[in-house]
Amino acid sequence: MTYFWIAQIGFLFSCCDFGGANTNAWSGCPQDRHSQSVCPNGWISFEAACYVFISFPTATFANAQTGCTSRGALLLNIQTMEQHRFVSDWLQANALDRAMRWFTAGTMLNSPFGEFIWTGYPVESRNIPPNLYSLWFDKPPTAADQPTYPVERNKLVYGTNGTAWGWYIDVPSQARGYICQAKSLFANKLLPQSNPIDYGQMDSNNIYRGPCFVEQPVDAWFVPGIVVENFVAFGCFANGNPAPNYRWYKIGFISGQSIVVPKRTLVEPLLSPTGRISISGGNLIIHQPQASTDSEYYQCEAYNDFGSILSRTAKIVFGQLETFPKHPRKRRVALAYQSVTIPCDPPAHSPRDSLIYAFYMKKDSGLEPVVLPARPGVFVSQAQALIGFSEATTQDSGIYVCMITMHQLGSRLSDSPKSPDMPLTVLESNQRIQEPRIYDSFPAIWPSDPVRGQTVRIECFAGGSVQSGPLEYTWRRLDGKPIPIEVYKEFNRVLEFSQIQPEDQGVYECKVTDSMGSQAQPKSVSLQIKAWPYFIKTASDTIVSIGETVVMVCEAAGIPEPIQMWYKNGESVSELLAQGKLDSARYTLMDGTTGPASLQISQTIQADSAMFNCLAVNSLGSEASSGELRVLAFAPTFQKNPMVPVDGMVGQSAVMVCQPEAAPAPTISWFFQGNAITPLSSQMDPNTGEITCPGTYCSLPNGNLLVFALTKVQAGLYACRAENQFGSAKTSAYLDVIDPLVVILRPHNMIVEVNSTVIVPCRAQAVPSLDVNYAWFYEDVEIKFDRLDLDARRYEKTQFFRPFDRNYGFLHIVNIQMSDAGRYACEIQTPLSKQREEGYVLVAGPPGPCAGVEAATVPGTELVVVNWTKGADHLFPTLFYQIEAQVDDGPWIMVVSRLNESASIQLDKVSNRRTTTIANLYSNILYRLRVRAANVKGIGEPSAASRGIITLPKPPTKVVQNVSGGGGKHGTLVVRWEPLPYYEHNGNSFHYVVRWRAKEDLEYTDTVVYNPMVVENDTKVQLTITLAEERFYKPYVVSVRGVNEIGPGPESDRMIIMSAARVPTNAPRNPQASMLNASALGVTWDPPLLSPEEGPVSGYRILYWRRGVECLSLASDIERWEQGQRLTLYGDVTSGTIIGLDSDSYYCIAVQVKWSLNIFFSNFVSHCFAATATRIQ
């Protein structure tokens, strides 16, 4: 790759919202948006740590470690999923070189082989938590891989697989980016920081700085006859102090032998002969734009007293959209159950791919959209401008209309008039099966020439049968890389990338399968994109001292590969060097063939202060990054950062801050009580990750003084003197050393009961002026108390409280569970120290769940062998076990209520395996078994269920219960019984055999019943036997037994059941009524005369209705059916009472006899008569 260096025509920072026209020079520049007080300048804060991501220069693992320790930090250590998400989100947003890997502290051990730890960290935070194992993209090796595994692949690095960021295994010798991490506590005192833009300026409320762009021009779209406004406007807005002014240029490019030279022409509205061009603020407005004169690139320049910067270039995109032709379209004819497409055939237009298509069908009410979510067989292709029917039906016949929308540069201009009518006729067809087939023009890509950052669709469309289910579309990348699940759209016919990136390039294959399993021939398409230049590393504000060497670095990418160039105050650095206006002995341009493009200035002087731009340009356009170089020379001053008094604690460390502003950097001298002291160099403790000192005084990486292992002797006045060639300055402050903390109550080892409330004490005594806070940790993971819940962290069962009363500092654990047992640590925190005290809480309770439950049948027997592994005793020995069984998804039933520990057989002392045999399970049943253990504290949780076993079959053993019967239709014998539950069938092909005979007969008849009818509103089943001859109300001897494929079960008791009685032929006799009150009558009757074959009467029904005509007439019968009421009486009764009658009204009354099975025979009704509550007729 070759880079050429000329003047700047580009842009670094995207347009950001900084509150409208805010001109605050400090907060108004994009490069200031990450400034945070908790971490030094250049570092990023997350939770309790500061991070810095180093992408240039890259380093080997050893150099990355050194690079972090020189900054007072360590390589990255991931302990939580939230921390991983922070890192991956930053990389996703900022690591534009997706191929770059990033070193962490992760290192693989040789023993145990394949295990990774965070090297350089203390023991308690060295291991990788198991919940983070899902972050591995490379599978860590196992002991079996050791003989062939490359020993040099032993570092954990961050990388992306195209869809997410995770962990790979890499070699330490490869130069990579790396991530440093340091604790945020005292970070500003320990970590070095870069000089901010206000360095050396004393008035913090009025910071002077060069211009920086907040809004930059973007391409403007102009389509004559479509857009309403007859002008285009390019926006440009910059912040700075003093406020910037603006100039605009027309830009053209001239290719030379070794460089690309821009031809730049100043836009001067006052000299325009047509008056079409005007500049308002930073905005350029062109009225009545014309392609012949206004098609060049435009560029904005912002300048103030500190220099000038140039914006990205932008141009006018001239578009065209003609109207649809007026002539109607030719009718398309298709056969039903075959696929068909209707093209939109849009009118002439430009730019290419600037139209969006929608299809409608003409209805009586107007136009209705065709494609609905409920129609997976219909598809609108933006790439091919058509609507497709995978399988057309006669219902698809009709007139279709295509509507187009012009959409370009992220904005919607106008809808065109509708297309001419496009008629479609679908004819009936007998060929209902269509093999799936992907159309020749698919897969297709839209837009056809995609650019990075656009929304890009890869479409696939196939014909095929969809009657029994939609077509199934599947995709894969031929290079094996995964496809993000979120890009699948429109029944998986479309892959839609909302922000297409270079890593999305590849060959995509579409496969289509119908619901019958038939597959279409797969087809593929190659996705290749272009990319406007973008910066992997941008230029930035740089504050240096006179005489230093500064290297300003930027690295750009793009497709095609961009060339890069540098500007100084709007003028080409390469041209200034060629013209001798810059000292070539001090200015060096690095062409970027072996690394990022850079500009190096040696032995800087104040005249080098300027605004610099790095331009990246390719055939699509240009982008640029800008920053201010400020070369300073002044004597040291403590005006902004005087030393302040510091409190320290005996046995702890204190940091005396000395941060003068000076250029060049001053020499620091330290004094204690007026006497000079000579600090040693601080070191990083590899076991604790803390900064330590081999003596009493050490210099920190940022120049501050570390006073180590304080005693009362170190209390006193400390002074810091800063000196350079321009002068010196001195500041001083007192260090007060107070008494150490005294822990008066500390956590201790305890044994508690499960579900109890536990109080873990922690209390320290400190001087009254010292704030003391208590943090609690469980197995080194901090317990997060929720402020919104009165400092209580509520878990699923257990509640953790940190009270604020007299027990402040204690930990209250309410409803403690077995899983809460472990090591608890109280960290006593003050502004001067941290001290951790630990204790174990052991939870006593019922045994833990058993494990590894296995069950098997013993061949030839009814026995089942159960094996299991004994669970945790929870401080009390196991006394006995319970075994439970489950059939299907039913309830668990106890099958062994008490199996003493001494009665179980121990299979293996090492693994605590137990075994026993059970014999009380039902036969031929699929069982799952589980085991519970019990001790003096109770019965423990059940184990996981075993795999299913089927017990051996045998004949039924249960006697059929509650055999009864009677009733039914005349000429039948009805038998009822309680069915056996299926788990008592004991074998396959289960059925019942009903044995029956007339009482006076000698031979039985057997009737086989596989699926007896269920009696409504009862638990019984029944069999209805049709008798060969009409034998009314005769006794039969009946028994029932269960039978399966193994054999018959026991016979039930033999029961006498009466066959169905004959229908009564006589009605109730002598019905009469008597008045009871004004709304009730008492009705009496005599029983009907019945023959022995008619059986007993089971009840009566009184019918009554308002008399309208003579009770015995046909018209009265009609009244009875329309408005009659009834009273049903059960048993052998001869009277009843009807109530709710109208007074002084005549009623017709009749009585029916009730036969078996709730059948009332209206053919046998008593004499009908009339009655009233006041008198009887």
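In case you wondered, yes, glycine gets a Cβ from its N, Cα and C as well.
Pulled from TrEMBL, these are the features on record:
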type	residues	note
DOMAIN	46-181	domain 'C-type lectin'
DOMAIN	211-317	domain 'Ig-like'
DOMAIN	436-526	domain 'Ig-like'
DOMAIN	533-630	domain 'Ig-like'
DOMAIN	636-736	domain 'Ig-like'
DOMAIN	740-844	domain 'Ig-like'
DOMAIN	952-1062	domain 'Fibronectin type-III'
DOMAIN	1067-1175	domain 'Fibronectin type-III'
SIGNAL	1-21	signal peptide
Report the listed stretch (46-181, 211-317, 636-736, 740-844, 952-1062) having the maximum count of Cβ pairs within less than 8 Å of the domain 'Ig-like' (436-526).
46-181
For the domain 'Ig-like' (636-736) and the domain 'Fibronectin type-III' (952-1062), check the count of CB pairs under 8 Å (sequence separation 6 or more) and say whether it reaches 3 or more.
no
How about the domain 'Ig-like' (211-317) and the domain 'Ig-like' (533-630): do they have 3 or more C-beta pairs under 8 A, pairs 6 or more apart in sequence?
yes
Across the domain 'Ig-like' (740-844), what does the mean pLDDT come to, as a whole number?
84
Secondary structure content, the domain 'Ig-like' (533-630) (per DSSP, counts of residues):
9 helix, 55 strand, 34 coil
Which numbers of helix, strand and coil residues does DSSP report for the domain 'Fibronectin type-III' (952-1062)?
3 helix, 47 strand, 61 coil
